[in-house]
Amino acid sequence: SELRNHTLLTEFVLSGLSSHTELQNLLFFTFCLIYTITVTGNLLIFIVTVHPTLRMPMYFFLRVLSFLDITTASVVVPKMLVSFLSKERSISYMGCATQLYFAIFLTATECYLLAAMAYDRYVAICNPLRYAVVMNRRVCLSLVLLSCLSGNVVSVVQTAWVFTLPFCGPNKIHYFFCDIPPLIMLSCTDTSSYEMQTVTATVLVILTPFCFILLSYICIISTILKISSAEGRQKTFSTCSSHLIVVTLYYGSGTLIYLRPRSIFSQDTKKILAIIYTAVIPMLNPMVYSLRNKEVKGVLIKSIAE
């Protein structure tokens, strides 16, 4: 009977971000603005960092980060925007699986990419004389491809596991997109072994890269403390602190959601945490990583002036 019901299920229904009808228009305009800023800001960074004067590996990683942020937001936000204005909130079975695959693939890839970017900064600041040799074009491409490959493996495995679960009860997902925690809540079988697999994936995808980033920044900060110029120390500290704040928000929100898929957090709390890494961080990244950069600002101003 469970198998029959599972195979007959052809769609899910997304409850959306909020059930309050009076908030729908306000939420639509808020997230429409966030999405517009995200796409515009990241597209701008992607175009600007192609400039011949910005050939450093850091700008190559920033282009990849901008692409990931645009696509991550595009996988989640447009569907959410439609739900604010329409009562039709269904998503097909295959559409849900596709959305889950791309959401996991893009966010997992970004987790690994941010670790690669931290390594790039570590080499640049702690070992500047060997920077050009260590971070050559081949190494940079390899790090990006490895991030993508790892993200893809994680996504394929997680998506396959979720969609082999039998869904034989209600098909309403109390969330604004197809994600692991709300989907396993709908399963009519014991998911404890799957939850352990999700915890393992969280450790590998989120906690391990975060620890690596933290270690990189500890080395960077210890090197900064040796800088004789107070202005130089302040400037580098400012850059490092803003990076760490965004990284902590990104990894922290993901950890709280996935480390305990059936945690005591309410669905509203999980929705807010998910909004941070799917909509807010992609909007903030251009400002934190690029628009505060003197070289990027210089090329941007020059391009506008021309």
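We count from 1, first residue shown onward.
The backbone N, Cα and C atoms fix where each Cβ goes, and this holds for glycine too.
TrEMBL does not curate its annotations; it predicts them automatically.
Per TrEMBL, the features are:
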DOMAIN    41-289  domain 'G-protein coupled receptors family 1 profile'
TRANSMEM  26-48  transmembrane segment
TRANSMEM  60-80  transmembrane segment
TRANSMEM  100-119  transmembrane segment
TRANSMEM  139-163  transmembrane segment
TRANSMEM  201-225  transmembrane segment
TRANSMEM  237-260  transmembrane segment
TRANSMEM  272-291  transmembrane segment
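Contact check: the transmembrane segment (26-48) against the transmembrane segment (237-260) gives fewer than three Cβ pairs closer than 8 Å, residues 6 or more apart, which falls short of the contact criterion. By the Cβ criterion (distance under 8 Å, sequence gap of 6 or more), the transmembrane segment (272-291) is counted as touching the transmembrane segment (60-80), at least 3 such pairs being found. Sequence-distant neighbours of the transmembrane segment (139-163) (same chain, 6+ residues past either end, Cβ-Cβ under 8 Å): 57, 60-61, 64, 97, 100-102, 104-113, 116, 119-120, 180, 183-184, 194, 197-198, 201, 204-205. Sequence-distant neighbours of the transmembrane segment (60-80) (same chain, 6+ residues past either end, Cβ-Cβ under 8 Å): 14, 16-17, 31, 34-35, 38-39, 42-43, 45-46, 49-50, 91, 99, 102-103, 106-107, 109-110, 113-114, 116-117, 120, 140, 144, 176-177, 278-279, 281-283, 285-286, 289-290.
The list of residues near the transmembrane segment (100-119) in space but at least 6 beyond its ends in sequence, with Cβ under 8 angstroms from a Cβ of it, reads 58, 61-62, 64-65, 68-69, 71-72, 75-76, 143-144, 146-148, 150-152, 154-156, 158-159, 162-163, 177-180, 183, 205-206, 209-210, 212-213, 216-217, 243, 247, 250-251, 254, 277-278.
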